[in-house]
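Annotation comment: Swiss-Prot describes CYS170 as active site, nucleophile. Annotation source Swiss-Prot lists dUMP binding site at ARG21, ARG150, ARG151, ARG190, SER191, GLY192, ASP193, ASN201, HIS231, ILE232, TYR233. For ASN51, ASP193, ALA287, the entry in Swiss-Prot reads (6R)-5,10-methylene-5,6,7,8-tetrahydrofolate binding site, with the evidence type sequence analysis.
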Amino acid sequence: MNTYLDLCRFIFQKGSFRKDRTNTGTKSVFGYQMRFNLEEGFPLLTTKKMNLRSIIHELLWFLKGDTNIFYLVQNNVNIWNEWPYQKYQQSDFFQNETLKEFVKKIKNDPLFATKHGNLGPVYGKQWRDFNGVDQIKFLISEIKANPNSRRLILNSWNPSLLNQMALPPCHVLIQFYVHQGKLSLQLYQRSGDVFLGIPFNIASYSLLLMMVAQVTNLQPYEFIHTLGDAHIYSNHITQVQTQIQRTPKKLPQMILNPDIKNIDDFKFIDFILKNYQCDGILKGDIAV
């Protein structure tokens with residue numbers, strides 16, 4: 001994953017310090033592209049240990065069209081907790097619960113989760129019901145019927161609903177491309193947290209590419225990651241510098257259950273990661 005480390009180095013060399021919405025501060029560049037050939041391995045970062053369980057469950061959650069953190073919390077995935085908690089803190093129902101106490105209530109009380117665990121019409125809603133259109137179903141059908149189409153688009157950015165979302169989509173637009181029996185995917189990401197978010201996104205959309213390729217009888221080929229504002233938060237600089245000093249290891253292999261022919265039939269047990277060697281965990285606070 002030298003490709004990722006090159007991004008980190010580029011930001012340190014060329015980036016500008018900027019204020020941001022979270023008041024954390026970032027070092028940022030605008031406009032950057034990375035390419036990952038999935039024939040060379042599954043691009044899961046090796047210069048720190050990645051939480052693959054969270055990556056898989058979040059992607060399945062998107063594909064279900066779900067927007068409530070209940071499913072994630074039930075599966076011990078905590079990457080979205082801060083946003084509904086922040087909204088809950090501003091409500092009349094808030095009783096000075098800590099984030100940990102809030103998550104426990106979400107996990108153990110489905111009614112509480114229904115009322116306070118929703119993120120609004122974020123990714124899953126837009127993927128499966130963008131103003132009445134199931135984009136995932138359309139994409140898969142179109143890839144099969146018209147693989148040369150230049151309209152194989154998945155869009156998460158719905159301007160009419162942005163003010164209802166806990167966090168407007170960061171990874172906003174996906175385009176698929178078919179050539180000689182191989183499927184590629186390009187993601188445009190308007191905003192990317194280089195330490196926490198981007199390694200997660202690389203693996204997630206590479207996995208989506210593999211899943212769509214399998215159900216359309218194609219071979220997964222290239223994931224292209226195009227970034228708008230790519231930034232390192234000021235409280236992540238030390239962790240990123242540590243990664244730059246580490247030597248990337250050989251990429252692992254991701255094996256999908258070959259019996260799955262429908263995108264909606266994938267379950268957590270249908271993914272097996274082999275030969276993943278990595279450095280230790282590096283932690284960092286998320287900017288909300």
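Residue positions begin at 1 at the first shown residue.
Placement of Cβ uses the backbone N, Cα and C atoms for every residue, glycine included.
Geometry remark: CYS170 (active site, nucleophile) versus SER191 (dUMP binding site), CA distance 5 Å.
Long-range Cβ neighbours of HIS231 (dUMP binding site) (same chain, at least 6 residues apart, Cβ-Cβ under 8 Å): ILE11, GLY15, ARG18, ASP20, THR26, LYS27, SER28, VAL29, SER191, GLY192, ASP193, VAL194. You'll find the Cα of TYR233 (dUMP binding site) roughly 20 Å from the Cα of ASN51 ((6R)-5,10-methylene-5,6,7,8-tetrahydrofolate binding site). The two recorded residues ARG21 (dUMP binding site) and ASN51 ((6R)-5,10-methylene-5,6,7,8-tetrahydrofolate binding site) have their Cα atoms spaced 27 Å from each other. ASN51 ((6R)-5,10-methylene-5,6,7,8-tetrahydrofolate binding site) and ARG151 (dUMP binding site) have their C-alpha atoms 33 Å apart, to the nearest angstrom. For TYR233 (dUMP binding site), the count of additional Cβ atoms within 10 Å of its Cβ stands at 23 [all protein chains shown].
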